[in-house]
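Q: Next up is a structure, given as structure tokens.
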Amino acid sequence: MGGNNGQPGVHAYTSLAEDGPQAAGEPPRRPTGRLVMHSMAMFGREFCYAVEAAYVTPVLLSVGLPKSLYSVVWLLSPVLGFLLQPVVGSASDYCRAGWGRRRPYILALGVMMLLGMALYLNGDTVVSALIAEPRRKLVWAITVTMMGVVLFDFAADFIDGPIKAYLFDVCSHQDKERGLHYHALFTGFGGALGYLLGAIDWAHLKLGRVLGSEFQVMFFFSALVLTLCFTIHLCSIPEAPLRDTTKDVLPQPAPQGPPPPSDKTYEYGSIEKVGNGDAHSALTVQGEKPKSPADQIQRTMTMKSLLRALVNMPSHYRCLCISHLIGWTAFLSNMLFFTDFMGRIVYHGNPYSAHNSTQFLIYERGVEVGCWGLCINAVFSSLYSYFQKALVSYIGLKGLYFMGYLLFGLGTGLIGLFPNVYSTLALCASFGVMSSTLYTVPFNLMAEYHREEREEQKQKARAGAPDGGGRGQGLDCATLTCMVQLAQILVGGGLGFLVNMAGSVVVVVISASLVALMGCCFVALFVRYVQ
């Protein structure tokens, strides 16, 4: 692989979007229809999430999964996501596929989601048709179902980063804000529709009898919605690929004198900067053309540089990630145990009673009502996402962030202290406020940080100072979204122990309230807001 001036492996990459009249400015304004099409990915993802929430526990119980493996199922995918998401997010910043940088990753993860659903919703049926021996059938059914759940969770959690980075790449700052609101709006609608379809007793309807069981019905709807939504999303806004710009650089005379020093320098980002004398291959930041071999900077992505980047990220990015972690820890603590809380605490049922007993039937009724509460959460999340656009002009991002945590903390606290069917369902609206806040405000703040950095880089360029940029938006989005996986690890590993210690699920709701109220203080005091 040749390069300029006899230096092999020296390449600079820039987006084709930088060519032409828009090169020096922001991308063009996008029509509302295009932003709606872009948001369909969130609709499909959340629809499938709701289906999983409604059916994954019955599926795992139906295949005979031992209780000792429950923690493995729920912890494996967030652990993998937390470790791998920044790596792939950083790699997407330098993807040279002709289709663009983000869409190949989104397509691959969408296929993984579809495969995961196929395994956990249909695995038991397929294994039963292929294997007759009971022992082998049980082992394979459990294995296939677990693989499906882990694969789906991993891909569904992972895909949020590339989707957000795709939006940030192709939209102006105003369109980023609009797009994030549409993302939250369709996230709520997708979740509400998924919960509603999951609440229907398909086993006694004609479609259920035709397809075999309610599991197959939900796979049919999930696969159809996911395929349609992701097709629309991938065709929404054109994404320009990266181009090798060294082909356009005129040859420079070879430098006289000793080679440049080979000391490595690091900055926040996934790229390790090294002098020409050390590198074997290179990627330079978008739009940066080497002036001479002595001035050329080669950047190689390595796991070492990635870890160093995450440790050395600017303080305002670190505080934003911590606030996101606090918010998702509070939110997941409540959501994962909410239906169990409704069945045990609000309805006073007993899940450990005989399945034909009154106490067990009361518990099941509480779980069903809890599902309606989650549906209220999803609907209100969509409605609040719409009103956020009006509220932000009055109270700003800081007010929105603080209000989301405060309302959720107060709502969950009242539910835990005064468990009542009607008040609990009404207070589920506060869950929707928190959900919409977590899906929009942190990414709006990140977009503000990016805009501020671009303005600083332009000022440095006008002053003739060297460009110190080297961080990609894919890494930033991936770092922020992997806080969701870290929250899942904390919740999955700690709340079960907490419930066993306290002997009641109420402690989960109260803990979620306290964590959210602590988050109020954090977002007010430590998160940086761009004026």
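Glycine too: its Cβ is placed from the backbone N, Cα and C atoms.
Per TrEMBL, the features are:
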REGION    1-32  region 'Disordered'
TRANSMEM  71-92  transmembrane segment
TRANSMEM  104-123  transmembrane segment
TRANSMEM  138-159  transmembrane segment
TRANSMEM  180-197  transmembrane segment
TRANSMEM  217-237  transmembrane segment
REGION    246-266  region 'Disordered'
COMPBIAS  252-262  compositional bias 'Pro residues'
TRANSMEM  325-347  transmembrane segment
TRANSMEM  367-387  transmembrane segment
TRANSMEM  399-418  transmembrane segment
TRANSMEM  505-527  transmembrane segment
Q: Spell out yes or no: are there three or more C-beta pairs under 8 angstroms between the transmembrane segment (71-92) and the transmembrane segment (367-387), with each pair 6 or more apart in sequence?
A: no
Q: Under a criterion of three or more Cβ pairs within a distance under 8 Å and sequence separation of at least 6, are the transmembrane segment (399-418) and the transmembrane segment (325-347) in contact?
A: yes
Q: By a Cβ-Cβ criterion of under 8 Å, what residues six or more beyond either terminus of the transmembrane segment (138-159) are in contact with it?
A: 41, 45, 48-49, 52, 56, 59-60, 63-66, 69, 72-73, 76-78, 80-81, 84-85, 88, 106, 109-110, 112-113, 115-121, 123-124, 126-128, 131, 481, 484-485, 488
Q: By a Cβ-Cβ criterion of under 8 Å, what residues six or more beyond either terminus of the transmembrane segment (180-197) are in contact with it?
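A: Cβ under 8 Å, 6 or more out: 35-36, 38-40, 42-51, 53-54, 163-164, 167, 218, 221, 225, 371-372, 374-375, 377-383, 385-386, 388-389, 432, 435-436, 439-440, 443-444, 447.
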Q: Could you tell me what the rest of the chain brings near the transmembrane segment (505-527), counting residues at least six beyond its ends with Cβ under 8 Å?
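A: For the transmembrane segment (505-527), the far contacts come to 316, 319-320, 322-323, 326-327, 329-331, 333-334, 337, 340-341, 344-345, 398, 401-402, 405-406, 408-413, 415-417, 419, 434, 445, 495, 498-499.
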Q: Should anything in the same chain at least six residues away from the transmembrane segment (325-347) have a Cβ under 8 Å from its Cβ atoms, list it; otherwise answer none.
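A: Contacts of the transmembrane segment (325-347) (Cβ under 8 Å, skipping residues fewer than 6 from its ends): 362-367, 369-371, 373-374, 377, 404-405, 408-409, 412, 415, 419-421, 424, 431, 434-435, 437-438, 483-484, 486-488, 490-491, 495, 499, 504-506, 508-509, 511-513, 515-516, 518-519, 522.
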Q: State the residues, same chain only, that lie 6 or more residues beyond the ends of the transmembrane segment (217-237) and have a CB under 8 A from a CB inside it; answer 'none' if no residue qualifies.
A: 30, 34-35, 37-41, 43-45, 47-48, 51, 54-55, 103, 106-107, 110, 113-114, 117-118, 121-122, 163, 166, 170-171, 190, 197-198, 202, 207-208, 211
